[in-house]
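Enquirer: Feature table excerpt (TrEMBL):
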type	residues	note
ACT_SITE	Asp144	active site, charge relay system
ACT_SITE	His207	active site, charge relay system
ACT_SITE	Ser543	active site, charge relay system
DOMAIN	33-105	domain 'Inhibitor I9'
DOMAIN	139-581	domain 'Peptidase S8/S53'
DOMAIN	661-758	domain 'Subtilisin-like protease fibronectin type-III'
Amino acid sequence: MKSYSISYILFPILLVAFLVESAGAAEGEKDGVYIVYMGAATGSSKNGHAQLLSSVLKRRKNALVQSYEHGISGFAARLSAAEAQSIAKKPGVVSVFPDPVYQLHTTRSWDFLKYGTDIVIDSRPHSDSNSSSAEYVAIIGILDTGISPESESFSGKDLGPIPSRWNGTCGDAHDFCNGKIIGARSYNSPDDDDEGLDNAPRDTIGHGTHVASTAAGTMVTDASYYGLATGNAKGGSPGSRIAMYRVCTRYGCQGSSILAAFSDAIKDGVDILSLSLGSPASYMFDYKEDPIAIGAFHAVENGITVVCSGGNDGPSEETVTNVAPWILTVAATTIDRKFESNVVLQGKKVVKGEAINFADIGTSPIHPLIYGKSAKKTDATESEARNCNPDSMDGEMIKGKIVLCDNDDNSNTIHDKEDEVRSLGGIGLVLVDDKTSGVASNYNEFPLTVISSKDAPAILSYLNSTKNPVATILPSTVVSQYKPAPTVAYFSSRGPSSLSRNILKPDIAAPGVDILAAWMANDTEVTLKGKESPKFNIISGTSMSCPHVSGMAAVIKSQYPSWSPSAIKSAIMSTASQINNMKAPITAESGAIATAYDYGAGEISTSEALQPGLVYETTTIDYLNFLCCHGYNTSTIEVISKNVPDGFACPKESSVDMISNINYPSIAVFSLTGKQSKSITRTLTNIAGDGNSTYSLTIEATSGLTITVSPTSLQFTKNNQKLSYQVTFTPTVPTLLKDVFGSIIWTNKKIKVRTPFVASSR
């Protein structure tokens, strides 16, 4: 059976759905489902929502689709554009917007995080066993495509009792709950009534199962994908419990379902929420019209850490999504494992390739080899033929041959080229592509491999040197301890944020390339001919990096139950690594040294994050001031948040540049022109547990900028003490020709607290 990575299957479907919904939102003329957002829940009920709805809607029944009552107040309903506009004018309504459809962010990881770079091995029981030594058991809520409870990764064996604070349910899916999975809810989109999916949290796509097992899967020995990547598979927090909220179907992830899941998760009592989904970079909405940002805000208000994937629209700048400051936004990196599928030419010359395939055309170079350009149809362009685009090559010349194809015109996907070569009778494909370097896609039995442009001349030279060129493509083998690793994945979305550039995004990076994790049963798309359906699968995306961070957040929460979401975020960010397994700076896929736009604070650590020493507590006032600076007025903010203190008012001169001053674990300063200085304040809280401690200062920065910090040492005398410092950025040139990256480091010799920054004249 031919296999496609789910990114190739789902992305076109979900993007089309998203574009259709977004077009309606932009034009404001679409009749359909609208979300009515009414801020924080303050005793509102489903009846109250129905009454508000009936005040403008007289003509039909069953208009109410969802009602949000826990943490969030609002509802989703079928409305005309005029009715939506009428409701938007009602008191207490923050926003009304068309129900969007989001996309999944997918195209030996935990062991690599422990051993692969400069990270100290953490041997605490919670890292390597299925039970936590801490009394507090974290609960991870996952909004995704559902879960396959029969997977070994979700065994409830040897786990203790379900936390008594848990208020969730498995609904009608009682067989889903087993002590490991303790909650399973399902949400149909308004158009899914004929699918029979009510109360069916079962995963029919595979994505949710993969994500859940990455975050909190039980240890499974001898796991592999048909013998590839064999080893122990476990989640980041094996002792944590899982609550699945199925908000996605094959048609996408409906915004109204996402908000309903957030509302239920707040009531259920989860500690961490993990979302490996989001909008395309080109269709991001304002925070008050984004169900993920809205739901995350209220979850954080209720003490829940929200972790989201940053998107797969890289490597272009300003593509990162899920950028609200109350969200922990995750980029994707590689690990030290590579899947090689090499090309062998006559004379046993080997050209290295990368892919997952189980090719069976022999190890000897006996198959005719042709360049796509050489098979050009008369009515096709040379570019079309060398890129093996549909209807560009002569089938008689392709039949029975391995075809060399370029991939530099961006007009067709790799799988489009594969389909074309296969349909013409080609028996293999060698693709020249630098963009996908480091990411091995799965082609099942078809002999397809990807080589770099620097290796392509060897094949082209050989083609030109003989009348009868021959080759073969070898099946995939695993290269372990590959160097350098990690590198930032080419697809990982980059900063700065297009919505709020004065909040540095992404926040953190984690493994998201070629990740082995549990998979749903009986998936014919990834099953080899004559084989049983695999229990594990290998896929890539920021969808895969997100649950790595969710799992680590759960480990921290289990160790320190009283820590706030911002303390957990700060601990993860301030202890991140910027060094690869060659003791050199982490690089991007291009080989250039990575910046904070690529990986935020760096690669997540699995040990130092448990002992951060100092943390940045981002308070309610910080978030309220952020909303002020983003353009919201005080009266709107009073509706949005349940924690607005008496007498709060937006600063009279709120501006986006003031966002830099919220107490965030990173710093972003823009509009630095001339030699005008800008000063930023940060406050650190001592949580090291050792009372007296003095931290000294180190500044890392490139040229073009003078940075002064006052004071230059922080002397803490007790636990939970807060001390502030001020950073002043002064350009040494009239205009910074490029953005300047660096870090402010506080250390007491045992602990290093790093704060990344970016300064820009943009």
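Yeah, the Cβs are placed from backbone N, Cα and C, and that goes for glycine too.
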Enquirer: Measuring Cα to Cα, tell me the gap between Asp144 (active site, charge relay system) and His207 (active site, charge relay system) in whole angstrom.
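Expert: The separation of the Cα atoms works out to 7 Å.
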Enquirer: Across the domain 'Inhibitor I9' (33-105), what is the average pLDDT of the model, as a whole number?
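Expert: Within the domain 'Inhibitor I9' (33-105), the model's average pLDDT equals 88.
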Enquirer: Taking the Cβ of each of the active-site residues and counting other Cβ atoms inside 10 Å, which one has the highest number: His207, Ser543?
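Expert: Within the set of active-site residues, the most crowded position is Ser543.
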Enquirer: Once the chains shown are all counted, how many other Cβ atoms turn up within 10 Å of the Cβ of Asp144 (active site, charge relay system)?
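Expert: Looking across every protein chain shown, the total is 29.
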Enquirer: Cα of Ser543 (active site, charge relay system) to Cα of His207 (active site, charge relay system): how many Å, rounded?
Expert: 8
Enquirer: So how many of the residues in the domain 'Subtilisin-like protease fibronectin type-III' (661-758) end up helix, strand or coil by DSSP?
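Expert: Breakdown, helix to coil: 1 helix, 58 strand, 39 coil.
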